[in-house]
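Remarks on the structure that follows.
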């Protein structure tokens, strides 16, 4: 019966439980009372009272919804069904027994009465008779003290301890506990040493190998000497180069390279003399008008200017132009 479960749980935990359409139940705690007339003591007790007045605060419906995990409308249907289980027998004139709570009964006029059960704390349940008088407790007679007889002390025989042999066993006289502690200390030390070695090996393996120095090209010392540059003459290459004579009537130069230093221009000519044909060996170096650069040009006659410019451009040496 859901109403009975609701009363058993809520009434004893909250001291009040409202049952819609039936009434309100209260749990009262009555303290112990002393009756001076007959000098009796009534122990504390619990008393359930009932009132037919009730105000539906929704607590019964919420308890059913929470206890049986139902929605609100389903909990309301469940509560109404539980109320019918109580009200129908009462309307038929039967008594409804609520276990641990009491008995409900309805008279001919429709009034509901309640007879509570006897809760723990009453005299009848504790089987304790009321105390009507006080009986003093007589003290027990004291017994004479008999002195204890001291037994003769028997001399104890001392048993000499056997000598302990420290010569055998381990070579070290180290207890077991310090050995274990030394082992725990040695293990981290070994791990640290291994990790340090691995770190050093990894660091050295990650270092790039030193790049080998490429041998510098050997440049003839004669190319580093200061060149005597003339506008109307052809420069001769050092020792290995054979310079063809240029006619005095040559007034055009096919320029294909410029350098800020004369020795750089000489080194460039030395390199290209070994890489190209013999026609490249007749070149000249002369400074620009502002003497900021040294230009390398191929002397040519006026009739051969176009063909020489085209030939020098085929080498893809740079910008090729003609100066007079």
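Backbone N, Cα and C define each Cβ position, glycine as well.
TrEMBL lists transmembrane segment at one of the ranges 138-159, 160-181, 182-203, 204-225, namely 182-203.
Computed over the domain 'CCDC81-like prokaryotic HU' (3-52), the whole-number mean pLDDT of the model equals 91.
Across the range of the domain 'CCDC81-like prokaryotic HU' (3-52), the DSSP-based residue counts are 12 helix, 25 strand, 13 coil.
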